[in-house]
């Protein structure tokens, strides 16, 4: 008992007679025969270079064409009686099939709409592992394969010139990006350079996708809209900012805020060198550490004061880049933050390394206190016969480290907190940049307007269900869930920032490992 | 339901296995039950003087601690000059060293002379260099906490000390470290770094070097009584209350505990039998 499924474009109803071009497939068990009709042509001469086989013909009236059935292995003749489709002759795998036994299902679809949908194709391709006999997937794949290979030979000359220029632009961009990649280890420190690199890459990707039809129109649409929103909001904010600070020089502003930061830090260190929070820390050690850090801060402040003219120039460059969009401004802010908090970072590194050394030393000496030693060969702690010398020096060192721990710990906690704050701010700015780039306004509008270009699932409706006549279903693409649609239409170069690992962060804080920006 | 009695005669003897005892009830207890049980095989009934001298080792260590504390009190109150303490303890240590090396051990004394000199130099050098740091370590901690910590650490020293008997709780490293920790805590209360250095040297002499000498000397009532007397006299000059307390403790540890131990030996009931774990001994092949 064979079942025949026939996918047919809906504009069949408008025609009187035509030739059916498409593909044929047979299920693995041999009981289902599928005809994919992808093109309706009037005569053989209209055939383009698409690789489709002639699978049948259709005519409304009773007259039939010259019977070409004998030459084909799979053949289908479709007729139309009172607007009901039915099959006149059917040849499957060389055998003519008796019209009474098979079950026939017609599925009509709107070909132009199906050519335009992209998400349907992607959704179908995802389930490749699940169901090998997904006929819809094969249909989509065939449509995609046939209709996207239409070459641009029939284009106007002006379009050709534009394409030519764009191709050269892409070559130039490739060259620039290669240069960036070479300098990447140095430029990685500045988030502005990273942002510039990302935006150039996205631009190249968009051009590539548009010219060579490599990426979906949705993603490119999203990218264009996001960039436009970015630039416009950047201009607005810049205008507002300039109106606020038009009186003072921007470098003076920067210097002023840096001076505030330096003063605050000095006050903080003075507080730590005294009796912070009522804790009485070791006097000599405390004074030594405090003086050392204050010296560092003074050094940084002198450097800033000396570099004032350079700051003017740098600020001018920042303003130029700021015009490129809000994401660039966020990147510039991140850079300024890193610059202004450099001394905090330095002091934090010192304090963290000292704390780490002290903790690991204490741990090793505690084992010596108990008369044990770590055995790296077996990966465990064994008892050990120490000499009196070793015990003497070891216990003295343990006592010293133990009583100096509160002082180190105080400094470490204070500067760790500051460093975490700065890191959190920097992380926030990175995520703002990601959000601005990935905001899917275009997709959202399309989805709200129920446009078929964002459809990701199918709606099947029964058109004819009478006895004696084959079942006719109609298939229309509809929009899927908003979240899935948005997820699939984020432009390719936009990468989500990596998630924060809270467990390892906590462990790093406790043991004194350095925290890197996340 | 009554158990069905078998009519098999039981002239056979009950055997200690699982496959031969037909006819016997399941809960039958033979007269040869527990005939391999042995009690108190390894108990040695030592005479009272031996026990007292054994307990005397603990008292000996306690007296050393008391003497050390007295030296600290003298240094703290300024009743004695640190140079004097340094000289006297140095002389005593050298005497002890000569005694140890030349009379008590059989090995050639000259080969180890260099090593011993190196040990002494390490102790003195590190002590001298680190004493200014050690003095300021616990400046901000209150005196009561220091005294409590020292007492606790000295107690740990007593518990884990190696009294010459093999026991698993003994850890000579921990006891030495605890004593050193206690002395560093006390040293921070003294007036100058040199005081701290002197105290540290005394610690090393009392707790690191003295046990080596004592381990070679047999238990002797004369030495024990001398040491107890010395510490009582020293403690008298510091505080009478403490002397009374200390003498009570000494009497308890040295006299009362051994008496009780001897009296209660008859309550000892160790059982041995073929069910004990086998003890594998090394054998010369």
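One-based numbering along the chain as shown.
Cβ coordinates come from backbone N, Cα and C, glycine included.
Because the structure is a prediction, the values reported are computed rather than measured.
Under 8 Å from some Cβ of the transmembrane segment (A:161-187) lie the Cβ atoms of residues 152, 193-194, 196-197, 200-201, 203-204, 207-208, 211, all in the same chain and six or more residues away from its ends. Look at TrEMBL and you will find A:161-187 (among others) tagged as transmembrane segment.
Under the heading transmembrane segment, TrEMBL lists A:220-242 (among others). Sequence-distant neighbours of the transmembrane segment (A:220-242) (same chain, 6+ residues past either end, Cβ-Cβ under 8 Å): 202, 205-206, 209-210, 319, 322-329, 436-443, 446, 489-491.
Within its own chain, the transmembrane segment (A:299-321) has Cβ neighbours under 8 Å at 192, 196, 238, 249-251, 254-255, 258-259, 262, 328, 332, 336, 342-343, 346, counting only residues six or more beyond its boundaries. The annotation transmembrane segment is assigned in TrEMBL to A:299-321 (among others).
Beyond the ends of the transmembrane segment (A:328-348), by six or more residues, the same chain brings 190-192, 194-196, 199, 234, 237-238, 254, 257-258, 261-262, 265, 293, 296-297, 300, 318, 321-322, 415-416, 418-419, 422, 425-426, 429-430, 432-433, 436 to within a C-beta distance below 8 angstroms of the stretch. As annotated by TrEMBL, transmembrane segment applies to A:328-348 (among others).
TrEMBL lists A:354-370 (among others) with the feature transmembrane segment.
TrEMBL lists A:391-414 (among others) with the feature transmembrane segment. For the transmembrane segment (A:391-414), the residues of the chain that approach it from at least six positions outside its boundaries are 268, 272, 276, 279, 281-282, 285-286, 289, 293, 351-352, 354-355, 358, 361-362, 365-366, 368-369, 512, judged by C-beta separation under 8 angstroms.
Residues or ranges marked as transmembrane segment by TrEMBL: A:420-449 (among others). Here the transmembrane segment (A:420-449) has Cβ contacts under 8 Å with residues 191, 195, 198, 202, 218, 221-222, 224-226, 229-230, 325-327, 330-331, 333-334, 337-338, 341, 344-345, 479, 482, 485-486, 489-491, 494-497, 500, 509, 515, 517-518 of the same chain, all six or more residues outside its ends.
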